[in-house]
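Presented below is the structure to which this report refers.
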Amino acid sequence: MDVDADAQRATDKLKAVSEALGHEIRVFSSENFASQTSKLPSADHEEDDDFYELQPADYYNLISNRMGEHFKMLKTRKMREAELAAQRAKRTKTVMRVRFPDGYILEADFIPSERIHSLVDLLLKALARPDLPFYLYTVPPKKRILDTSQDFYTAGFVPGANVHFSYDLPEDDLKAGPFLREEILSLDGLSLLLKPASQPDDSRMNSSSLQSDASQSVPVPTTTNKKPGRPKWLKR
């Protein structure tokens, strides 16, 4: 098997469909999506005793975090707005994952300033039955996305988010699918043949990644054997 040739064919096919849809997309069946290497530790993984020991750098970080929170309270509204604007400008892409009842996942890249309705427009081009009414929602708890005029950043969907698809019908007889066009389903797993790209972890989707710069203002001493950072037990 010519791996390079397969990767090139996958690249060309993904590029052609993405250009037709106006956004870069990837498609996964539930099996292919689960086959991706997980970056989360296993549930039965046990840490050594020194994992829970506080180092000098840990104490300094705890203090700096508290000072950062105190400084945040003292900031003026204009300072906070300027900070948020600067943080927003650094975000150049958001990854939206649409999960369908049949287990398929459509993943698409957007600019954070784009509106959620651009995702709806993309789905209308990719669905097997675009004539049927549908809606998107987040979980948990189940919350229907009503305002599609919001941009992804304002909606809290940066750097990415998982949303779920459902037909908006009294009695849904199409739960088994297929929900996506045959041409779109043929992209299943093709992106896995490409070189790994930097994408947000599934564990970070729907979560804020904004951090206060103030917490970095307190110097943290280095040690010879340990790297500065939060206490390891706080990272869970």
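Glycine is treated like the rest: Cβ placed from N, Cα and C.
Unlike curated entries, TrEMBL annotations are predicted automatically.
Residues or ranges marked as domain 'UBX' in TrEMBL: 89-165. The region 'Disordered' annotation in TrEMBL covers 198-236. Annotated compositional bias 'Low complexity' per TrEMBL: 207-217, in sequence order. Among the features that TrEMBL reports, compositional bias 'Basic residues' is placed at 227-236.
DSSP assignment over the domain 'UBX' (89-165) gives 13 helix, 28 strand, 36 coil. On the 0 to 100 pLDDT scale, the domain 'UBX' (89-165) averages 94 in this prediction.
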